[in-house]
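If you check Swiss-Prot, you get these features:
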type: ACT_SITE; residues: ASP136; note: active site, proton acceptor
type: BINDING; residues: LEU19, GLY20, GLU21, GLY22, THR23, PHE24, ALA25, LYS26, VAL27, LYS42; note: ATP binding site
type: DOMAIN; residues: 13-268; note: domain 'Protein kinase'
type: DOMAIN; residues: 306-331; note: domain 'NAF'
type: REGION; residues: 154-183; note: region 'Activation loop'
type: REGION; residues: 339-368; note: region 'PPI'
Amino acid sequence: MSVSGGRTRVGRYELGRTLGEGTFAKVKFARNADSGENVAIKILDKDKVLKHKMIAQIKREISTMKLIRHPNVIRMHEVMASKTKIYIVMELVTGGELFDKIASRGRLKEDDARKYFQQLINAVDYCHSRGVYHRDLKPENLLLDASGTLKVSDFGLSALSQQVREDGLLHTTCGTPNYVAPEVINNKGYDGAKADLWSCGVILFVLMAGYLPFEDSNLMSLYKKIFKADFSCPSWFSTSAKKLIKKILDPNPSTRITIAELINNEWFKKGYQPPRFETADVNLDDINSIFNESGDQTQLVVERREERPSVMNAFELISTSQGLNLGTLFEKQSQGSVKRETRFASRLPANEILSKIEAAAGPMGFNVQKRNYKLKLQGENPGRKGQLAIATEVFEVTPSLYMVELRKSNGDTLEFHKFYHNISNGLKDVMWKPESSIIAGDEIQHRRSP
């Protein structure tokens, strides 16, 4: 969905811009043409899934999401398939990652951290009651909706209780090392519920401290710290918070506090609000149909290209901003609130914008690939989480106003923050800041009106 206009339609959904992408899946903004509802659609390539023997994992993810109906968990609406792709239609969350709050503020106040932690425990406790363990809990997988409610995402590595072996333990090592429980690293079998709670404890520490309890550039040294629970709480933690975190980050899973005990903890109970959620009977029998194993072609959807006015792409972008607040499209970078994706406005022609970004990125150690009105910037040097990669796209708002979005597609979020601040200094002549977002809003509204 670039300056050239046009869009793809799948079933009743009109696909828009890319929100994120990984090895096996791409997530796109979409709109239900029947109801007008905005959603996120995860798109998987069937050939890649088959080639990498990912069928079991994808079925597991879909089964997991269908089982969960909770206000603090991303909801799955439906699943579709074409001859070549699988489409998972999910709730669209527009408030960004909880990680963004930590990255921009350094740390949260204890009461704010407790509120998010309570919502996280509500979600995790409910998932466990449905036989689902997340196994990759970390701030990047915790999203916020427009009202600031926490939503747990990414169940791609979850394990249903039916997969527990005869010893009653899970055996697959998953997750991000800094957040993983010691018994998971040992790979001798572990209780999924206790392992998830350890990760929740690390998240609580990060929310309140602004940094990780276990950190080391050497992986074996990191593991040793995790095995020994070698950490110390900063002085600003309250005494009761310190005691609770030490009970959660107990390296012995048999003596580690349980969620039932945690919910009765005095620190946790302060201001606690029980969740309100709906119950639903869920049928998992239709999961096989998305891979068309029966040979039935009638359930397949058709993907087709439709030409549409390119100016609508801007409204699609705006609709993902909180409350249609156009001010969020023209972020003041001095505030430091750069997210995993960020955007700015420009009055320069689209080709000139891309050329200037390309010229600025080269000296910073990035290889640039150019296609239509998109750039892919690939870092030459390995970072903390692999090579940093940034996807850049230009959208036309009006004939004289463009919006430029830069999105991290691989690598470390903090390294992306540093990259964005550095490249911004070289793009000051490209970036346009309106005197008032209301003026920009009026201009866009006039373009939209017939």
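Cβ atoms are placed via backbone N, Cα and C, with glycine included.
Features as recorded by Swiss-Prot, highlighted on the structure.
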residue : record                       : DSSP class
LEU19   : ATP binding site             : strand
ALA25   : ATP binding site             : strand
ASP136  : active site, proton acceptor : coil
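Taking CA atoms as the reference points, LEU19 (ATP binding site) and ASP136 (active site, proton acceptor) are 20 Å apart. Residue pair ALA25 (ATP binding site) / ASP136 (active site, proton acceptor) shows a Cα separation of 17 Å. The Cβ of VAL27 (ATP binding site) lies under 8 Å from the Cβ of THR18, LEU19, GLY20, GLU21, ALA40, ILE41, LYS42, ILE43, each of which sits 6+ residues away along the same chain.
All protein chains considered, the CB of ASP136 (active site, proton acceptor) has 19 other CB atoms within 10 Å. This prediction places the mean pLDDT of the domain 'NAF' (306-331) at 42. Every protein chain shown contributes to the tally, and the Cβ of ALA25 (ATP binding site) ends up with 19 other Cβ atoms within 10 Å. Residues in the region 'PPI' (339-368) partition by DSSP class (helix H, G, I; strand E, B; coil) as 15 helix, 9 strand, 6 coil.
Packing around GLU21 (ATP binding site) is summarised by its Cβ count: 17 other Cβ atoms lie within 10 angstroms of its Cβ, all protein chains included.
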